[in-house]
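Scroll down for the structure; my scribbles are underneath it.
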Amino acid sequence: LFEGRLALVTHMSSAMAPVKPSGTAGPKEVELILVKEQNGVQFTSSALVSPSGQTHPSGEERETWGKKIDFLLSVIGFAVDLANVWRFPYLCYKNGGGAFLVPYLFFMVIAGMPLFYMELALGQYNREGAAGVWKICPIFKGVGFTVILISLYVGFYYNVIIAWALFYLFSSFSGELPWIHCNNTWNSPNCSDLNSTLLNDTYKTTPALEYFERGVLHLHESSGIDDLGLPRWQLTSCLAVVIVVLYFSLWKGVKTSGKVVWITATMPYVVLTVLLLRGITLPGAIDGIKAYLSVDFLRLCDAQVWIEAATQICFSLGVGFGVLIAFSSYNKFSNNCYRCWVFVFCLSPGPGLVFIIYPEAIATLPGSSVWAVIFFIMLLTLGIDSAMGGMESVITGLTDEFKFLHKHRELFTLFIVVFTFLISLICVTNGGIYVFTLLDHFAAGTSILFGVLIEAIGISWFYGVDRFSDDIQEMIGQRPGLYWRLCWKFVSPCFLLFMVVVSFATFNPPKYGSYYFPAWATMLGWCLSISSMIMVPLYAFYKFCSLPGSFCDKLAYAITPETEHHLVERGEVRQFTVRSHHTSSHHTAKQTRLQQFNG
């Protein structure tokens with residue numbers, strides 16, 4: 001049986017209920033939108049859709065995930081990334097142990113969960129990437145390009161972290177881990193073995209620290225960011241392996257990436273479980289857990305604790321990168337994205353913690369080489385998952401916006417990964433850690449908070465929370481509750497606005513260890529950050545100037561969904577309809593017709 005959607009809008013003075021099909025609003029084999037007027041019936045749009053997929057705006061069938069679990073694992077793999085391994089434990093211990101969970105969970109409820117759900121629903125309903133979804137409010141399409149650029153910038157240095165993990169993995173296949181002692185060629189006279197007392201001696205360094213900075217990075221051969229040197233061939237080789245893996249995971253779209261995540265998304269949980277079981281059997285394990293989670297509620301009086309908790313929410317969930325939108329755009333229309341959100345949430349200060357402290361701790365375990373191999377395999381799978389998500393955000397966002405790229409996805413994917421590889425080579429030079437730090441500081445800091453803020457405002461205040469809720473009801477059969485609507489409309493935008501202001505007010509210039517970046521490097525970092533944020537006003541200005549008509553006409557076109565631009569021509573736009581107690585019957589008919597059409 002053919003299911004369809006038939007919107008009949010009659011041109012008469014009295015209100016007439018819109019015609020809707022019975023049954024659930026699932027994937028449709030025939031989708032028709034009709035407008036009936038006095039002069040007859042006019043076909044506004046029509047599409048034939050196969051049972052397994054959904055039609056893309058270009059007329060081609062939209063690719064979908066092979067199985068729902070492929071989507072879930074992809075989202076989980078992206079949300080649970082390397083930041084969860086190094087940043088959250090560090091912030092928790094630094095900011096009062098268990099007390100840090102108070103602001104963290106508070107911000108999770110008022111911002112993290114609503115924004116996460118919003119992006120999933122936005123992508124699934126509109127079935128477009130980060131830029132294409134803004135056909136619902138064209139003037140905001142610039143924020144789509146903002147998040148695409150942010151994902152691209154992050155890829156420049158995130159892949160380097162995976163290359164480091166691969167380098168450590170290769171180094172772990174040895175009888176004795178190379179970061180245990182100070183008798184290696186790269187060690188300095190200041191190196192002190194793990195058993196030595198380092199307290200009260202700031203000049204001493206550990207073997208793990210020297211292995212990372214001198215054995216892997218060769219940082220001692222660079223005097224600063226203005227003295228980078230050539231790429232190290234060992235790290236370049238590891239980076240090339242990472243890029244090859246990413247390409248063959250992404251080149252065929254979600255059909256291939258959906259299979260890769262079966263390994264990359266599940267492996268970290270297996271490894272963490274093994275490490276947990278091993279850790280709790282060690283002497284003093286309970287004492288260590290108590291010390292880590294000891295509650296210091298006085299720390300909650302420090303504003304910095306709340307700021308860091310709020311920031312961690314934004315970055316640990318991956319909101320604002322366009323990845324959740326891209327992933328959910330490949331869902332079937334009737335997929336219950338709310339249930340997916342619940343499932344994901346029920347699971348789930350820099351690289352020094354992963355590549356210095358963790359290896360140092362692993363070195364103390366019996367059979368340390370085996371544990372090191374297991375640990376760095378986990379890091380690889382965590383990193384690959386997140387890198388795939390970032391790349392998919394860029395690829396889906398641009399191929400959906402520029403239709404000719406759809407037919408050449410494999411070549412375009414190759415172009416993106418090769419371009420990313422070439423830029424990343426700067427981060428594997430002798431002074432590459434300085435470039436890495438600069439990118440990490442500016443690529444996805446204030447800019448991502450700004451992007452999510454504009455995204456929330458565009459959906460909640462211009463497209464409309466009520467209309468967005470109607471879209472969700474059409475997909476899953478139930479309307480979002482009051483909690484979601486209040487958060488989308490008021491709470492989350494206020495929270496994001498506060499975070500953007502705070503990020504500017506509390507800005508500190510980047511540094512690496514005792515090295516402070518020169519002023520020109522900081523300015524370069526700000527240019528990188530602004531280059532993504534500026535896409536919002538630039539595209540809005542371009543869109544406004546390119547639209548026809550008077551100022552009010554331009555504004556009407558700019559904030560009205562593209563599928564309803566014909567209503568603007570007839571002056572039937574909700575945002576610009578003048579309501580009056582003495583409305584003529586003709587005006588009432590037009591108002592009724594518009595509400596029925598939008599319904």
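Don't overthink the numbers, they just go from 1 along the chain as shown.
Cβ atoms are placed via backbone N, Cα and C, with glycine included.
TrEMBL has this to say about the protein:
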type	residues	note
TRANSMEM	71-89	transmembrane segment
BINDING	Gly77, Ala79, Val80, Asn84, Ser316, Leu382, Asp385, Ser386	Na(+) binding site
TRANSMEM	101-122	transmembrane segment
TRANSMEM	143-170	transmembrane segment
DISULFID	Cys182-Cys191	disulfide bond
TRANSMEM	233-250	transmembrane segment
TRANSMEM	262-286	transmembrane segment
TRANSMEM	306-328	transmembrane segment
TRANSMEM	340-358	transmembrane segment
TRANSMEM	370-390	transmembrane segment
TRANSMEM	411-436	transmembrane segment
TRANSMEM	442-465	transmembrane segment
TRANSMEM	486-507	transmembrane segment
TRANSMEM	519-541	transmembrane segment
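A contact links the transmembrane segment (143-170) to the transmembrane segment (519-541), because at least 3 Cβ pairs that are 6 or more residues apart lie under 8 A. When Cβ distances are compared across the two stretches, the transmembrane segment (370-390) makes contact with the transmembrane segment (71-89), since 3 or more pairs at least 6 residues apart fall below 8 angstroms. Taking the Cβ of Gly77 (Na(+) binding site) as centre and 10 Å as the limit, one finds 26 other Cβ atoms among all the protein chains shown. Long-range contacts of the transmembrane segment (101-122) within the same chain, counting only residues at least 6 positions beyond its ends with a Cβ under 8 Å from a Cβ of the stretch, are 75, 92, 133, 300, 305-306, 309-310, 312-314, 317, 319-320, 324-325, 328, 337-338, 340-341, 344-345, 452, 455-456, 459, 468, 471-472, 475, 480, 484, 487-488, 491-492, 495-496. Under the criterion of 3 or more C-beta pairs below 8 Å, with sequence separation of 6 or more, the transmembrane segment (306-328) and the transmembrane segment (71-89) qualify as touching. Note on Asp385 (Na(+) binding site): other Cβ atoms within 10 Å of its Cβ, all shown chains, come to 28. Residues 115, 118-119, 122, 134, 136-137, 139-140, 143, 146-147, 150, 153-154, 156-157, 314-315, 319-321, 485, 488-489, 492-493, 496-497, 499-500, 503-504, 507, 510, 525-526, 528-530, 532-533, 536, 559, 561 of the same chain, all 6+ positions outside the transmembrane segment (442-465), place their C-beta atoms under 8 angstroms from a C-beta of that stretch.
Of the recorded residues, Ser386 (Na(+) binding site) and Cys182 (disulfide bond) place their C-alpha atoms 34 Å from one another. Ranked by how many other Cβ atoms sit within 10 Å of their Cβ, the binding-site residues Asn84, Ser316, Ser386 place Asn84 at the bottom. The recorded stretches the transmembrane segment (411-436) and the transmembrane segment (233-250) share 3+ CB pairs below 8 A when only pairs 6 or more apart in sequence are counted, and are therefore in contact. Using a 10 Å radius centred on the Cβ of Cys182 (disulfide bond) and all shown protein chains, the other Cβ atoms total 20.
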